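Student: Dumping what Swiss-Prot says about this protein:
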type: TRANSMEM; residues: 46-69; note: transmembrane segment
type: TRANSMEM; residues: 135-158; note: transmembrane segment
type: TRANSMEM; residues: 175-199; note: transmembrane segment
type: TRANSMEM; residues: 273-291; note: transmembrane segment
type: TRANSMEM; residues: 330-353; note: transmembrane segment
type: TRANSMEM; residues: 369-395; note: transmembrane segment
type: TRANSMEM; residues: 417-439; note: transmembrane segment
type: TRANSMEM; residues: 517-535; note: transmembrane segment
type: BINDING; residues: 559, 568; note: [4Fe-4S] cluster binding site
type: TRANSMEM; residues: 575-596; note: transmembrane segment
type: TRANSMEM; residues: 643-665; note: transmembrane segment
type: BINDING; residues: 654; note: chlorophyll a B1 binding site
type: BINDING; residues: 671; note: phylloquinone binding site
type: TRANSMEM; residues: 707-727; note: transmembrane segment
């Protein structure tokens with residue numbers, strides 16, 4: 001009996017119902033709530049779990065390399081990146097017989113395979129890998145790192161190797177090590193790889209461990225570095241006629257500032273990328289010496305925060321008390337980390353397509369679409385998580401005495417103003433944007449398209465012009481040949497940049513019009529409403545006028561009984577739960593917009609987007625319906641095709657999504673009655689009644705059922721769109 005799950009909570013382990021199992025799973029990672037937890041054990045558990053996380057990541061990436069080397073066509077793809085379809089892995093057991101085998105035998109493979117839409121082929125090719133042996137070597141190395149991570153995780157749980165709490169709370173040392181060690185040294189190492197391996201490979205020179213010390217990355221070696229003639233490293237760059245992967249048209253420069261794209265690969269110049277990473281390395285190596293540790297140089301973060309007195313006393317005691325508040329709250333730190341990571345992930349989505357870094361990836365349209373969508377969804381989940389942990393911080397870790405009249409306390413003091421401002425912005429955006437869309441929709445329906453309200457995004461066009469786009473005729477900053485910025489940049493990066501920004505075949509600063517204006521504001525509505533729900537959830541987490549003692553009920557509670565009317569749905573968890581729906585909705589609009597605009601760009605019929613995106617029926621008919629037709633036709637009387645698997649996933653995604661509503665709309669009593677009826681029938685059915693249960697079956701709690709519903713809704717939603725996106729893009733462009 002003593003070993004019943006969950007071992008971390010004796011109270012739960014003794015629960016006689018199935019609640020024991022579900023609550024056990026729900027709180028397994030909430031180390032703070034476990035029975036014998038101390039602050040020291042909490043930090044050590046989290047630290048050790050990080051090594052486990054690293055081991056999983058290394059194992060996964062090792063698996064990617066291994067399967068491509070074993071079952072892929074990397075070497076064939078390298079010979080002709082634009083026409084050979086990259087293979088992710090084989091399909092062991094294609095269902096539906098011979099037609100399936102034929103439909104999925106592609107990319108020059110001998111049997112059925114999956115095509116890779118992740119961009120790994122382009123990435124490995126760009127960084128200098130050329131053979132299957134290279135891939136196997138990488139897979140083995142990552143497997144080795146995975147094993148090392150597991151050993152390190154285990155080691156740091158042994159008494160002799162457990163770090164102390166003071167080690168975890170040494171913020172200055174940790175920041176210095178992460179800035180210099182993690183970002184600085186790794187960026188420098190990456191620059192080294194690019195200069196020593198990737199750039200030579202792009203010029204047809206194969207550098208490996210056997211000749212690594214014999215091949216000079218630059219004809220002048222380290223001479224220019226030590227004599228201060230750094231500009232020599234930028235001389236003689238690759239020419240515009242350079243044939244990637246060969247010496248034809250190649251130069252000798254290793255660190256350049258050419259700007260724009262390599263004409264053949266449509267990706268950033270590798271020598272520009274190396275230069276960028278060297279600059280990043282320099283910045284972070286300097287930044288990693290900024291904070292004072294036992295060497296006595298640099299700043300103390302606490303002193304910095306305490307010394308900052310806001311002008312005019314308008315922010316009270318400013319940042320006083322923040323150092324200890326943040327340093328003693330894991331949730332605050334996690335919230336900050338997630339917020340940063342969420343922003344970065346979304347920026348990755350935006351930059352991977354507009355400024356592609358990997359050779360030939362810009363011409364692989366399905367991969368471009370998949371990577372953009374993938375990173376935006378990931379960003380959405382990470383950002384909502386940031387606010388969730390911010391709310392938990394306010395409930396579990398916030399100390400009003402420690403933070404009296406500082407910026408945190410003042411945020412809480414004027415939360416009504418913050419929430420109501422977000423509210424009116426959301427209402428304004430929502431009603432005006434919907435009003436314009438509906439008006440335009442009605443005009444089209446009545447056959448008078450000329451009566452649409454179409455607004456040119458002149459401010460955004462002005463910003464694009466300032467960056468050098470000439471098609472709007474604004475003649476300002478970089479689009480004006482007389483401006484000082486234009487004259488200053490003319491000798492270095494500007495020609496390449498201007499060439500790229502005014503080229504019609506890439507995704508850099510696409511031309512925008514009234515359709516873009518409308519969908520931009522629809523997305524702004526989604527972002528502001530999601531933010532409103534998340535911010536309100538965090539700021540009201542400790543209490544509100546309606547429920548001043550809210551913090552005593554914890555992060556997720558359904559209600560405080562029937563005696564206090566109106567305490568349902570107002571826990572901080574409920575805000576997170578609601579916000580995730582809005583987040584998914586918003587990213588839906590973002591990805592619809594991105595995908596439709598790009599499909600028309602790639603097909604050369606941008607007028608379809610421009611004309612149809614100004615009214616709702618245009619989006620429904622000319623984007624969603626038109627592009628899902630192949631999916632709806634995945635199985636037909638003529639057998640299968642290579643899109644059939646996506647057609648099935650499209651259906652299955654809808655099924656999972658719809659299942660979510662079963663949990664979201666019906667609550668506990670319904671399920672409890674159903675369970676009791678099923679249990680009654682089970683106990684009276686021959687054979688079935690031989691199987692008994694130790695735990696009395698009970699329905700999920702309200703909060704848990706919502707989580708199950710939300711999980712189905714999210715997973716189904718994303719599966720459905722993933723199938724739609726990949727099938728509609730690959731069906732058109734291969």
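Keep in mind that glycine also has a Cβ here, set from the backbone N, Cα and C atoms.
Buried or exposed, and what's around them? Tell me for each listed feature.
Tutor: Cβ atoms under 8 Å from those of the transmembrane segment (46-69) belong to residues 31, 87-89, 116, 118, 120-121, 124, 132-133, 135-136, 138-140, 142-143, 145-147, 149-150, 152-154, 156-157, 163, 168, 330 of the same chain, restricted to positions at least 6 beyond its ends.
Listed by sequence, the residues of this chain that lie at least six past the ends of the transmembrane segment (135-158) yet keep a Cβ under 8 A from its Cβ atoms are 44, 47-52, 54-56, 58-59, 61-63, 65-66, 68-69, 74, 124, 129.
For the transmembrane segment (369-395), same-chain residues at least 6 beyond its ends with a Cβ under 8 Å from one of its own Cβ atoms are 117-119, 329, 331-332, 334-336, 338-339, 341-343, 345-346, 348-349, 352-353, 412, 530, 534-535, 537-539, 541-542, 551, 554-555, 572-573, 575-576, 579-580, 583-584, 586-587, 590-591, 594-595, 598, 718, 721-722, 725-726, 729.
With a threshold of 8 Å between CB atoms, the same-chain residues lying at least 6 positions outside the transmembrane segment (417-439) that come near it are 411, 452-453, 455, 518, 521-522, 524-525, 528-529, 531-532, 535-536, 539, 614-616.
When other Cβ atoms within 10 Å of the Cβ of residue 559 ([4Fe-4S] cluster binding site) are tallied across all protein chains shown, the result is 16.
Sequence-distant contacts of the transmembrane segment (575-596), counting only residues of its own chain at least 6 positions beyond either end whose CB sits under 8 Å from a CB of the stretch, comprise 353, 369, 372-373, 376-377, 380-381, 383-384, 387-388, 391, 516, 519, 522-523, 526-527, 529-530, 533-534, 536-538, 540, 609, 613, 619, 623-624, 706-707, 710, 713-714, 717-718, 721, 725, 728-729.
Beyond the ends of the transmembrane segment (643-665), by six or more residues, the same chain brings 96, 100, 103-104, 628, 630-635, 705-706, 708-724, 726-727, 730-731 to within a C-beta distance below 8 angstroms of the stretch.
Long-range Cβ contacts of residue 654 (chlorophyll a B1 binding site) within its own chain (separation 6+, distance under 8 Å): 716, 720. According to DSSP, residue 654 (chlorophyll a B1 binding site) sits within a helical segment.
Mapped onto three states, the DSSP output places residue 671 (phylloquinone binding site) in helix. Around residue 671 (phylloquinone binding site), a 10 Å sphere centred on its CB holds 17 further CB atoms from the protein chains shown.
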Student: Going along the chain, which residues at least six beyond the ends of the transmembrane segment (330-353) come within the CB cut-off of under 8 Å?
Tutor: 42-43, 46, 361-362, 368, 371-376, 378-380, 382-383, 385-387, 389-390, 392-393, 396-397, 507, 594, 598
Student: Measuring Cα to Cα, how many angstrom lie between residue 559 ([4Fe-4S] cluster binding site) and residue 671 (phylloquinone binding site)?
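Tutor: It is 19 Å, counting Cα to Cα.
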Student: Taking only the Cα atoms, work out how far residue 568 ([4Fe-4S] cluster binding site) lies from residue 671 (phylloquinone binding site), in Å, as a whole number.
Tutor: 19
Student: Name the range, of those listed as 273-291, 517-535, 707-727, that has the largest tally of Cβ pairs under 8 Å with the transmembrane segment (175-199).
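Tutor: Highest pair count goes to 273-291.
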Student: Sort out the residues at least 6 away from either end of the transmembrane segment (707-727), same chain, that have Cβ-Cβ distances under 8 Å to it, and list them.
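Tutor: Cβ under 8 Å, 6 or more out: 26, 117, 366, 369-370, 373, 377, 577, 580-581, 584, 588, 591, 595, 627-628, 630-631, 634, 643, 646-647, 649-650, 652-664, 700.
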